[in-house]
Protein chains: 2
Amino acid sequence: MSEPLEELLGALSRLPGIGRRSAERIAFFLLAKPGEGKRLAEALAGLDRIGRCPQCGNFASDGLCSICRDPKRDGATLCVVARPWEIPHLERTGEYRGRYHVLGGLVSPSQDIGPEDLAVAGLVERVKAEGVREVILALEPKLEGDLTAMHLLRVLKPLGIAVSQLAHGIPVGRDLESADELTLGRALKGRTPL
Amino acid sequence: MSEPLEELLGALSRLPGIGRRSAERIAFFLLAKPGEGKRLAEALAGLDRIGRCPQCGNFASDGLCSICRDPKRDGATLCVVARPWEIPHLERTGEYRGRYHVLGGLVSPSQDIGPEDLAVAGLVERVKAEGVREVILALEPKLEGDLTAMHLLRVLKPLGIAVSQLAHGIPVGRDLESADELTLGRALKGRTPL
């Protein structure tokens, strides 16, 4: 095996979900279709341009993200997630037309992460400034998600808005990403007021 | 979603075995670990340097491939494959210590590919020049592989060398019932004395 091919196989094998055999399949595909390799390399070069939306914390490259920029999204509803990569999963349900707010993590006593380490102040500011009437908490139904939800409920309730959480459609103890669109969609529709 | 992120997801989704969800998982991993993205981009840049071994047709970057360069490989045995990406699968068995010869395809009447379109003349030359005593045909046990094997047998036999092919049979650890009739028939024909 040639050295550049070994390097490519090594780099591909480090990606999540890609074993040695998948890496070979991809490498030989790229060798057969050089245009695809160029396309991927160019897309990777664009990684540097991906930053965060200054409003919600979603991935964005130029100022606001596409959701915050979209005037058709309902600004009166905010869905709170821990990480930006949870947003595409919720978007795929097609059930949600509001905006998002990314906390940047969850309260975790064991990792010494408190509410002050998360984008909670920004959330409160947005609720006040953007005329938000409902905040939906889409946090994982485990200890850290529950602790975070408890804290958010405490700071949001005094603002006189509705606070809800995703319905228990998500299998308990599983990640948000593992739920299929239907389950996630039902969890959104059947969100329970807190 | 930001435009460069969409481009990255698009490029990743075009790879074999990578769906939209796997693409997201990989993209978010690369966003979290920029060093991995750089490593992959550099490896992709090396694709241009991957050519073919002038002796056997395997992937190689500088002259001979690593197998043809290895003095410990047995030069008296050649294993014939249709494509270079079949070599790693055979290498992984750990059972083979000879060298390889890549045909570049298989005889296919429907696609108008004849023996003259394949590296058959090079194979005959190698057998004569390199003191080859056995050629093992590792071609797929379907019409095109069988046609190719028939032709190779015709040109190799007059050279007075042994020509063999991979044994067909029941995959190790599988039930008799799981084998199709054709495989079972070939397993019967090629039964090994105990």
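For all residues, glycine too, the Cβ spot is worked out from N, Cα and C.
Whatever TrEMBL says is automated annotation, not expert-curated.
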Matching range for TrEMBL feature annotation, zinc finger, among B:53-68, B:117-132, B:149-164: B:53-68
Per-state residue totals over the zinc finger (B:53-68) - DSSP helix, strand, coil: 3 helix, 2 strand, 11 coil
Three-state composition of the domain 'Toprim' (B:76-171), taking helix and strand from DSSP: 42 helix, 21 strand, 33 coil
